[in-house]
Amino acid sequence: MPPPKGTTGSELSTARWAFAFTLVTTLFFTWGFAYGLLDVLNAHFQDIFGISRTQSTLLQFAYFGAYLVFAPVASVFMDRYGYKSGIHLGLSLYSLGAIFFWPSAKFAKYGGFVGCTFVIGCGLATLEVAANSYIAVLGTPKYAAARLNFSQGFQGLAAFAGPLIASKYFFRGENSTKLDTVQWVYLAVAGLGVLLNGMFYFCKLPEITGDALAAEIHEVGIRADEEPFWKQYRCIFGFVAQMAYVGAQVGVASLAVNYFSEQGLGIDRSRASFLYSFCQLTFMFGRFAGVAILHFIDPALLLSLYAVACSLFTILTGVLGGNGGVGSLFALFWFESICYPCIFTLGTKNLGIYTKRGSGLIVMGVGGGAWFPPAQASLADKVSTRRSYLVPLAGYLAMTIYAIGMVVDQTIKESFRFRNIDELKERRAMMGGAPERETQDIDEKAKDTSGSDEIEKA
């Protein structure tokens with residue numbers, strides 16, 4: 001059954017907009033919690049199963065590999081059946097994967113954890129395509145990056161809670177060598193997914209379709225979606241930038257617990273997990289601060305500045321070590337905060353009928369998290385965890401090139417932007433003034449013609 005005709009975010013009443021925004025934002029907490037637990041499980045499973053850092057990153061490989069496989073499928077599904085159906089599919093897969101953590105923990109099978117993580121990843125890939133895209137188009141494009149930063153800030157809150165719970169229950173006392181607590185935590189995660197699925201079933205969610213978005217941009221003369229999808233270069237290069245950035249971000253996070261515990265500062269695994277939860281808190285505050293900043297500064301310009309900072313602080317983390325390295329790692333989490341939402345909104349801007357397909361492609365870029373952590377962990381096993389933090393530099397540099405490229409592209413096509421502007425509003429204003437100018441030109445021509453006629457008559 002195809003989705004309803006749909007509307008655009010700017011056409012919704014304030015009450016309907018607030019309801020839809022709040023409801024979809026709850027999804028960010030859902031996968032933030034799962035992601036926060038994932039990085040802590042890496043270190044926990046190293047102790048339980050006696051595996052290396054590289055082997056433990058199979059969890060990341062399964063989780064983020066699911067994005068490569070399932071994000072395009074999810075975008076096609078939602079293009080046909082709508083955002084709400086996509087959310088139901090995502091939450092169902094998420095809950096199913098979490099439930100099967102129970103037998104995996106019961107029989108202590110690492111392969112079972114990897115398989116369940118893949119199913120959870122498929123569910124979260126679907127939710128990311130739906131939620132990121134929906135929030136991005138739920139209102140004026142001017143504040144798309146700010147809206148997505150705000151919603152994803154709650155993902156940071158959940159990612160903070162995950163390691164905090166782990167530091168208290170996974171690594172202390174007899175739990176440090178058992179999987180019992182993992183069973184109960186993921187059973188609760190499954191219950192959360194079922195609860196949210198029920199909420200979305202009974203709630204009416206306004207459908208925003210590609211046709212409605214296309215009509216909105218065509219009205220102001222933007223017709224980029226008339227070109228084939230493979231010519232949507234902003235989106236395609238955005239996919240590359242997102243893959244590079246997420247790979248770097250996941251690599252940084254996956255070995256953070258190891259990094260803290262190996263700096264010769266007397267930090268054990270439990271304390272390291274606790275510190276990592278505060279890295280996620282730093283990340284969350286960075287996102288909320290980004291909401292305010294993005295109201296005034298152009299997203300492409302701000303992304304460029306933050307990308308350069310990420311490159312700098314990952315170098316310092318890998319070179320300094322000790323207290324200086326720990327401080328640099330915290331700074332890196334701060335500057336990572338706005339990167340994903342900005343890349344997503346820049347890459348999906350003005351896609352019109354291709355909005356959902358483009359969203360699927362950008363979310364597919366999350367699959368970069370599948371290959372950066374093994375590469376970084378391999379270097380950590382052979383050299384040191386500290387030196388392995390030079391690996392993410394490649395991802396941050398790729399993101400920097402994309403961000404600066406967007407600034408240059410905007411400058412060439414329009415003008416250099418320091419302040420964030422409402423492009424659609426400005427275009428409407430210009431088009432609204434065009435008829436008046438045309439009328440004045442016609443009147444002046446008429447006067448000239450009548451004057452010539454009078455001269456001829458004289």
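Glycine is no exception: its Cβ is also placed from the backbone N, Cα and C atoms.
What TrEMBL lists as region 'Disordered' is 429-458.
Per TrEMBL, transmembrane segment is recorded for 17-38 (among others).
What TrEMBL lists as transmembrane segment is 58-78 (among others). Sequence-distant contacts of the transmembrane segment (58-78), counting only residues of its own chain at least 6 positions beyond either end whose CB sits under 8 Å from a CB of the stretch, comprise 35, 38, 41-42, 45, 85-86, 89-90, 110, 113-115, 117-122, 124-126, 128-130, 133, 246, 250, 254, 356-357, 359-361, 363-371, 373-374.
The transmembrane segment annotation in TrEMBL covers 85-104 (among others). The list of residues near the transmembrane segment (85-104) in space but at least 6 beyond its ends in sequence, with Cβ under 8 angstroms from a Cβ of it, reads 3, 24, 27, 30-31, 34, 74, 77-78, 112-113, 115-127, 129-131, 182-183, 186-187, 189-191, 193-194, 196-197, 200-201, 205.
The transmembrane segment feature in TrEMBL is assigned to 110-131 (among others). Tertiary neighbourhood of the transmembrane segment (110-131): same-chain residues 24-25, 27-28, 30-31, 34-35, 38, 41, 45, 49, 51, 58-59, 61-67, 69-71, 74-75, 77-78, 83, 86-87, 89-98, 100-101, 103-104, 151, 193, 356, 359-360, 363-364, 366, selected by CB-CB distance under 8 Å and a gap of 6+ residues from either end.
The transmembrane segment feature in TrEMBL is assigned to 152-171 (among others).
Residues 19, 23, 26-27, 30, 33-34, 37, 84, 87-88, 91-92, 94-96, 98-99, 101-102, 105-106, 123, 165, 169 of the same chain, all 6+ positions outside the transmembrane segment (183-203), place their C-beta atoms under 8 angstroms from a C-beta of that stretch. According to TrEMBL, the transmembrane segment annotation covers 183-203 (among others).
Annotated transmembrane segment per TrEMBL: 236-261 (among others), in sequence order. Long-range contacts of the transmembrane segment (236-261) within the same chain: residues 39-40, 42-43, 53, 57, 60, 64, 230, 267-269, 271-273, 275-276, 279, 310, 314, 317, 325-326, 329, 332-333, 336, 339-340, 343-344, 346-348, 361-373, 375-377, 380, 385-386, 388-389, 391-396, 398-399, 401-403, 405, each at least 6 residues beyond the stretch ends and with a Cβ under 8 Å from a Cβ of the stretch.
If you look up TrEMBL, you'll see 273-294 (among others) marked as transmembrane segment.
Same-chain neighbours of the transmembrane segment (301-320): 248, 252, 259, 290, 293-294, 328-329, 331-332, 335-339, 342-343, 346, 386-390, 392-393, 396-397, 399-400, 403-404, 406-407, 417-418, counting only residues six or more beyond its ends whose CB sits under 8 Å from a CB of the stretch. The transmembrane segment annotation in TrEMBL covers 301-320 (among others).
Summarising the annotation, TrEMBL assigns transmembrane segment to 326-346 (among others).
Annotation source TrEMBL lists transmembrane segment at 358-377 (among others). Counting residues 6+ beyond its ends, the transmembrane segment (358-377) has Cβ neighbours under 8 Å at 52-54, 56-57, 60-69, 71-72, 74-76, 78, 125, 128-129, 132-133, 136, 229, 232, 235-236, 238-251, 254-255, 343-344, 347-348, 351, 388-389, 391-392, 395 in the same chain.
The transmembrane segment feature in TrEMBL is assigned to 389-408 (among others). Sequence-distant neighbours of the transmembrane segment (389-408) (same chain, 6+ residues past either end, Cβ-Cβ under 8 Å): 234, 237-238, 240-241, 244-249, 251-252, 255, 259, 298, 300-301, 303-304, 307-308, 310-311, 314-315, 317-319, 329, 339, 342-343, 346, 368, 372, 375-376, 379, 416-417.
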